[in-house]
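Engineer: Below, the features straight out of TrEMBL:
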- 73-325: domain 'G-protein coupled receptors family 1 profile' (DOMAIN)
- 62-82: transmembrane segment (TRANSMEM)
- 94-115: transmembrane segment (TRANSMEM)
- 121-149: transmembrane segment (TRANSMEM)
- 170-195: transmembrane segment (TRANSMEM)
- 221-243: transmembrane segment (TRANSMEM)
- 264-288: transmembrane segment (TRANSMEM)
- 308-328: transmembrane segment (TRANSMEM)
Amino acid sequence: MTTVYPNTTIHPGGITSLHQKNFHNISAEDYFYYYDLNTTEVYQICNNSNVMAFGRVFLPTLYSIVFIVGFIGNSLVLSVLVKYHNSSNMSDVCLFNLALSDLLFLLSLPFWAHYAAITQWVFGSFMCHAVTALYMLGFYGSIFFMILMTIDRYAIIVHTYTSLFSKHRTVRASIALVLFMWTLSLGASLPTIIFSKAINSTETNVWKCRVEYPEGTLWRLFSYIQLNILGFIIPLSVMVFCYSRIIPIVMAMKSQKKHNTVRLMLVLVSVFFLFWTPYNIVIFLKFLHQLGYMSTCQWNQDLNMAMQWVETIAFTHCCLNPIIYAFVGQRFRNLFLKSLKEWFPLCFAQCPTIIIQLSETGNFSRSSISSTKIVQL
């Protein structure tokens, strides 16, 4: 079975939408055609109107929730880190850029929510490129800075006394690493940004923001593989390797709360795996679909319905980043409480007991250099 899609569109309304057909316009474009080269070569209609109707309600709602929750959490992280930037270390630099990446990503969601709700792009050609750039830079930036934070923890715990690794935590080295990560993010995002465009549909006279790869090229297949490798396989592999080396060292320490530290590391890996695995499985299935496998109408409908669910699950990971990377750390929590005391002095004067409990939560024994560094992460 070979799949042919005449008059189809692709728009970057979420990671899925960057690589899927337009399921949000109920018109002639609501239907996708396929034919069997081995039989009659007669076009048959594949109706995706149910998928599109579901997406018009589901996507704007979930995008809005993710935007509000994620924006509040990541903005708090940025505010605290900017306020105390003079005392920043390498971990703070990574955390700042992770929160910044998430914010860039989140700032694109209101546009995609509006696009999904009214089924047309009303923001113009420039904003189509700009919003796509925000989305892709935020997506890859978040992934790459999670990798950098994991490697940084590995370096300072497993190779505490190695001069090669200790040098990378200087201010100059931190800036160089950050610039390198943003360069990688831009490089990974560039094809999607370049090929995105706002186009007026000749059939429906409706503007769409979509990604149009040149015909006869492998750019679309490459985009699927790139997402799987850069967005999942590499970061998961780095996390598993680094934390598998860190955990035995932590367990050998005399820290009273070492089990909490190990539990946190397992949570970091588990959350990433659980939130991103479903999305990457569907992306891989769409890659096979693009090659001509599973090219029936039913597969087309099932994949696109599944993508609406798994992409939303993946999006919520940026809401959890401030919690699992920032607020669980003693150093950041102390800075956050210090900021709250300045912002809301009356509240702190009335509830000192709660503040003391929060500031003491997660304290570890400072019996070794490594355990002290773990606390500061």
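Using N, Cα and C of the backbone, Cβ positions are placed for all residues, glycine too.
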Engineer: Could you check whether the transmembrane segment (170-195) and the transmembrane segment (264-288) come into contact, where contact means at least 3 Cβ pairs under 8 Å with the two residues of each pair 6 or more apart in sequence?
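Structural biologist: In this chain the transmembrane segment (170-195) does not contact the transmembrane segment (264-288) - fewer than 3 Cβ pairs sit under 8 Å.
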Engineer: Are there residues at least six beyond either end of the transmembrane segment (221-243) with Cβ under 8 Å to its Cβ atoms? List them, or say none.
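Structural biologist: Residues packing against the transmembrane segment (221-243) from afar: 15, 18-19, 139-140, 143, 146-147, 150-151, 153-154, 158, 188, 191-192, 213, 265-266, 268-269, 272-273, 276-277, 280, 283-284, 286-287, 290-291.
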Engineer: Summarise the model's confidence over the domain 'G-protein coupled receptors family 1 profile' (73-325) as a mean pLDDT value.
Structural biologist: 87
